[in-house]
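These notes are about the structure you will find just below.
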Amino acid sequence: LEDGGLYKCLAKNILGNATASATVNVTLTATGSLHGHIVPCPRRNFCLNGGVCNLYASIQEYICECAEGYT
């Protein structure tokens, strides 16, 4: 949807330049948003420094919400 389009990466250092590009197409799934599929993390101590672990159940992806003061 709105995040789709052409993405370009440009890198430069003393050895030279490099570029890469990719076209991203975003489609809406039948379930819509993943927010309804977030469940508490079943893995203990998955996140560091007191972060809160959640699991996107529909895609089996773990995420950490950082504690204040951490990124």
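Using N, Cα and C of the backbone, Cβ positions are placed for all residues, glycine too.
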### Task
Have a look at TrEMBL and say which candidate in C64, C66 forms the disulphide with C47.
C64
#### Entry: In three-state DSSP terms, the structure that C64 (disulfide bond) belongs to
strand
### Summary
Across the domain 'EGF-like' (37-71), DSSP labelling yields 1 helix, 13 strand, 21 coil
